[in-house]
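Notes for the one structure printed next.
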Amino acid sequence: MALLEIIHYPSKILRTISKEVVSFDAKLHQQLDDMHETMIASEGIGLAAIQVGLPLRMLIINLPREDGVQHKEDCLEIINPKFIETGGSMMYREGCLSVPGFYEEVERFEKVKIEYQNRFAEVKVLEASELLAVAIQHEIDHLNGVLFVDKLSILKRKKFEKELKELQKQQKHK
């Protein structure tokens with residue numbers, strides 16, 4: 001396994017529309033394992049392949065259990081996802097490994113139902129609500145070249161751009 005480099009905003013790579021996965025082989029399995037290791041090392045709960053430079057329609061989500069621990073057996077590997085149903089609306093404070101240090105409220109569907117494939121190309125259906133539904137939507141957005149900051153109001157977007165400039169200034173002075 002290997003730690004992969006996470007691509008940060010404003011890299012144009014994050015705007016790439018990811019392609020369908022067609023080869024469910026050992027290479028894909030290794031990529032998924034490396035993504036998981038990278039996500040855990042970065043203290044994230046979700047990671048889309050494009051965030052590590054792989055323009056493939058795959059993502060992983062590993063929510064912590066009540067004890068706060070993320071168990072690998074709980075990791076969802078979602079490949080070639082498609083929304084079947086969506087419903088409700090909720091606001092959720094989101095962050096992103098590609099936009100480190102910035103968190104903001106984003107409106108999302110409260111419930112989603114998706115069809116996807118696992119690492120063995122088996123078709124699965126998943127119904128999700130609350131945090132899992134939010135994470136699924138956030139990561140699928142990445143597959144379409146969309147970041148959570150794109151969903152902010154103009155006012156919140158300006159706040160984000162200002163904070164980003166401040167952060168970049170601080171990093172230059174280090």
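These residue numbers are counts, starting from 1, taken along the chain as shown.
Backbone N, Cα and C atoms are what each Cβ position is placed from, and that goes for glycine too.
According to Swiss-Prot, the features are:
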type	residues	note
ACT_SITE	Glu139	active site
BINDING	Cys96, His138, His142	Fe cation binding site
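Projection of Swiss-Prot feature records onto the structure.
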residue : record                 : contacts (Cβ under 8 Å, 6+ apart)
Cys96   : Fe cation binding site : Tyr9, Phe102, His138, Leu147, Phe148, Val149
Glu139  : active site            : Gly46, Leu47, Ala48, Leu59, Ile60, Ile61, Ile78
His142  : Fe cation binding site : Leu14, Ser18, Ala48, Ile50, Gln51, Leu59, Ser98
Structural state of His142 (Fe cation binding site), classified by DSSP into three states: helix
Residues within 8 Å of the Cys96, His138, His142 Cβ centre (excluding the Fe cation site residues themselves): Gly46, Ala48, Gln51, Glu94, Leu97, Ser98, Glu139, Asp141, Leu147, Phe148
Cys96 (Fe cation binding site): secondary structure state under DSSP, collapsed to three categories: strand
Neighbour count (Cβ, 10 Å) for His138 (Fe cation binding site): 24
